[in-house]
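A quick write-up on the structure given underneath.
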Amino acid sequence: MQVESGRAAAVSPAVSSATTGQNSVHLNGHAVTQNGDNPTTSPAPQPHFESQTTGPAPTLPQVVPREQWGGKYEFLLSCLGYCVGLGNVWRFPYLCYRNGGGVFLIPYFIMLFVTGVPLFLMELSLGQYGAAGPIMVWKCCPLLKGIGIGMLCVSTLVCLYYNVIIAWTFYYLGSSFQSPLPWSCEAIANADLCGNSTTGISSSEVFWNERVLGVVYSKGLSDPGPVRWPLALCLLAAWVLIFLCMFKGIRSSGKVVYVTATFPYFVLIVLVIRGATLEGSLQGIAFYLTPDWGRLSNAQVWNDAASQIFYSLGIGVGGLLSMASYNKFDNNVIRDTLIITTGNCSTSFFAGFAIFSILGHMAWRKGVPVGEVADTGPGLAFVAYPEALALLPGSVFWAIMFFLMLFMLGIDTLFGNMEGITTAVLDEFPQLRRNTLHKGLFLGALCFCFYLMGLLLVTNGGIYWFTLIDSYSTSFGLIIITLFMCIGISFFYGVNQFCQDIIDMIRDCPPWCSKVLLYFKACWIFFTPFLLLFILTYIFIEMYNTSLHYGSYLYPRWGKALGVCMGAVCCLQILIWAIVAIAKETGTLKDRFQKSIRPLNTWRVNNLNSTGRVGEHVEPERVEAPFTVTLTDMDFTAITWEAGSEA
């Protein structure tokens, strides 16, 4: 049977009496499925089939139609822009040469194929099949609702500090229109500094630490100092821009990504060509790619490879799941997964050539090894690279291009993180979807709250708080969330049922899709959980033995404890909401547990036709499991599934 886009199905009159009456509700002549999707793009009224099931017919609430992407390219570009972020430019090249150069690609691609791609497909499939955000999608297993809450906690922390990076980018972008560049030695303010080679401090470091951050005026975490108002204005501009781009939902952000997701590739190609013509560029490329085979035996290399996969693909923070929830039901998620993950990792590798060709030129100009001019994180993007740009002919133009690229990379990633939060809230309060004004007020209030909280990160000591949140927001808490997501779908919901759901969505599943699913099934059951446990163990060992630094500043014990609490709050949501789900059930502890892992009826009721399970029947007046978000009457009518679907 063919499934209409948006989760409805075209059924014959012979079977419509058994299913169609449960699957759709008619609003103003449009057939709308129970999760809010509009199953057709045509405004023509749909024929109404009366339900012939026994028992009282439930009274269905008004369902607000759910948005969908304007086209498959909008979704692909949005996901690609979300995944291809600042980490591809400053984090991957640094990790590559720190962990043995080209040999780092071996653990990187192993982690990609064993953890990254399977978890990426799991999130996309879960969001697309459930057509719901990070919280409501766990109607498939109410016991694990805390995973969605934990994803929201991680997204909140990421949004809080990520837009500060965009604010820094705005500051540098505005400064790039000056000639000479204010961090170059040609600037009058840097004449004495550049003329004195004994200081060991470059003009770009002084500009970054004194003019931009003001970190030299702070003693540490306990001494944030006053807000730096130029940065505060840049941060305000960044949040206003995010609000405007997301005001109309995916219909507006989906159009913006045509520019923001493609422009960085243009800049990277131009920078690679320009970098290849510079003296000393081959020295930088050689440093980037020269393998150190002995590093493969170091657990740190494997941990760095895994952390980069999670950081780059955006797994476990709810953005992928939310964006996939706006897909048409029959979208080929396996194809999209392979395209996006391949594009993301290829971009990381390609960006390394742009970065290190120019850093090699910078090392040649200074007469020092390449390893002494490269740094990680903000240091690479806002110290080493601006300094390298200042050495190029036409430095103003290249600086503008580079920081425009950073801006585009950052804002796409923030779109995805914000989408995870807004989708979850709109699913909880669907009336916001109906009223554009109320939805706009909510989004404005959310952006304004993030702005107020972000002011701490643009004080003199803000970089210390930025580093703390960056280090712990996506650390062990994120790994635990993804581990439970993988275990919950594989063993509670059932890996066989999940694979069948994917086949149902793809409809005319090509033979290669079925074969690839066998590989993914093996990963979800065994390889991925095993590697996640390995990574988690290493993180805890490293966290205990390693102190946290920013430059020469050593974080106090209370600061490190605060960071651990951030990660703990995110993953503890799983335990808290699991206890709540079990407590709301009746019977013995075993009965409560078994009831809390059964899917609610509204999880799959819209897809009965797509699976062809005509024999499934409805037993009225039986409550399956409680769920605290947006229940419909269909949740109070049990559905008996095929025995094979419980595998």
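Even glycines carry a Cβ here, placed using N, Cα and C.
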Disulphide pairing with Cys194 per TrEMBL - partner from Cys159, Cys185: Cys185
Alpha-carbon distance [Cys185 (disulfide bond); Gly81 (Na(+) binding site)] in Å: 35
Other CB atoms within 10 A, centred on Cys194 (disulfide bond): 15
Contact check, the transmembrane segment (147-173) vs the transmembrane segment (561-583), 3+ Cβ pairs under 8 Å, seq sep 6+: yes
Most Cβ pairs under 8 Å with the transmembrane segment (262-289), selected from 75-93, 105-126, 441-466: 75-93
Leu409 (Na(+) binding site): tally of other CB atoms within 10 A of its CB: 30
The transmembrane segment (309-326) and the transmembrane segment (472-495) contact flag, 3+ Cβ pairs under 8 angstroms: yes
Paired segments the transmembrane segment (338-359) and the transmembrane segment (75-93) in contact, 3+ CB pairs under 8 A: yes
Stretch in 75-93, 441-466, 472-495, 561-583 most in contact with the transmembrane segment (516-541), if contact is a CB pair under 8 A: 472-495
Cβ contacts the transmembrane segment (105-126)/the transmembrane segment (441-466), at least three under 8 Å, sequence gap 6 or more: no
